[in-house]
């Protein structure tokens, strides 16, 4: 919490909103004994040493005021103290900016909410800046009444009529008819209110509608990428939820693309030398399913509540590499085993790689296996809870997966011979159909189990900042030597 209020007020409010959950110590200045940590009721005291702030913060929540910033800058203890403080009271605008830059220097991720001009510097320095507007929420009745009015043909903005007769005189102009009917003259206050209202009306109705509209936002909204429409910090939760959802979606997209590229590279390079190709209809149907999967997988919405778990912050990490390598190994084993099994039923003939496409058993099996690998890749690597909707909640993606599984089952079991003939798929031997279905189930279960094991072994976590803090302090000391 960064506020301009007194330290005692700030600590009390921080305790009410659960920013402070431990006993609080406030850094104060004593003329005789220097600086020391004092509890709000002055019953607990501790000497101040910059080297011991990290140890004290483990058992207490710390608070410092703006008067102490000069001491921290003078003794060059900013990097040692500020990252461990929970409440900053009586701070100036430049001190708010100093707090944010210090947190960023030691590797902390920052999100700043502000509603005034004194927050502009800190909002610019934060990784995520949110401007809070002090506007009252618009009532539905007022919105409906204003939207029902016809637009002015001249393009001028019309002044809304007051909803109640007893509204404040500051927001209503003086009625001219009532003024003429009344015999008493206007008082000085009434004349001043009328003059101010006339000026506001001229500002709203000036020009012919082609001029730039007046922006009635706070100064903080000009410096931050996000602006909340009301004076509440609730939108910060929405930003974190959307950010986590975006990060998780990006991570799973990279994994799916990597696995698809590896499988496609093997089919188009190694198997192409054996004369294995895809027909036009086969490639079209496979492309339609792939496009549908990529389209519907992005429809997953973030969950309404934040989870204690965190997503992986980096794409290049051990979890991603091990997941891709393990799943690709199972896909490759499934593909090679199925193609070798189909080769046993093929006659001894040499197929030129550049020859025109003609259906054969190896081509049929490789296409079916490639379809099942594609479905398994999307189903296994879909992140879902605790950040996004699960597969059952993302209905378009669920229906696309079911359609692909049903399609794979139909062409493998040869239920509709006309469909297989249209796709130029050869009939499978009786014994091979059961093997292909069994291998597909084992491949899916193996990939699913491998992915769940890696997610439990490599949970998402925030980047460590303690090492970066020590490195920043060491660099600062080298500069002054």
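Every residue gets a Cβ built from N, Cα and C, even glycine.
Pulled from TrEMBL, these are the features on record:
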REGION    137-193  region 'Disordered'
COMPBIAS  165-185  compositional bias 'Polar residues'
TRANSMEM  254-273  transmembrane segment
TRANSMEM  285-303  transmembrane segment
TRANSMEM  315-339  transmembrane segment
TRANSMEM  365-384  transmembrane segment
TRANSMEM  396-416  transmembrane segment
TRANSMEM  436-454  transmembrane segment
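The transmembrane segment (396-416) is not in contact with the transmembrane segment (315-339), judged by fewer than 3 CB-CB distances under 8 Å for residue pairs 6 or more apart in sequence. Among residues of the same chain six or more beyond the transmembrane segment (315-339), those with a C-beta under 8 A of the stretch's C-beta atoms are 250-251, 254-255, 258-259, 262-263, 266-267, 271, 276, 362, 365-366, 368-370, 372-373, 376-377, 380-381, 436, 439-440, 443, 446-447, 450-451, 454-455, 457-458. Sequence-remote contacts of a segment are chain residues at least 6 beyond its ends whose Cβ falls under 8 Å from one of its Cβ atoms, and for the transmembrane segment (436-454) they are 319, 322-323, 326-327, 330-331, 333-334, 337-338, 365, 368-369, 372-373, 376-377, 379-381, 408-409, 412, 428.
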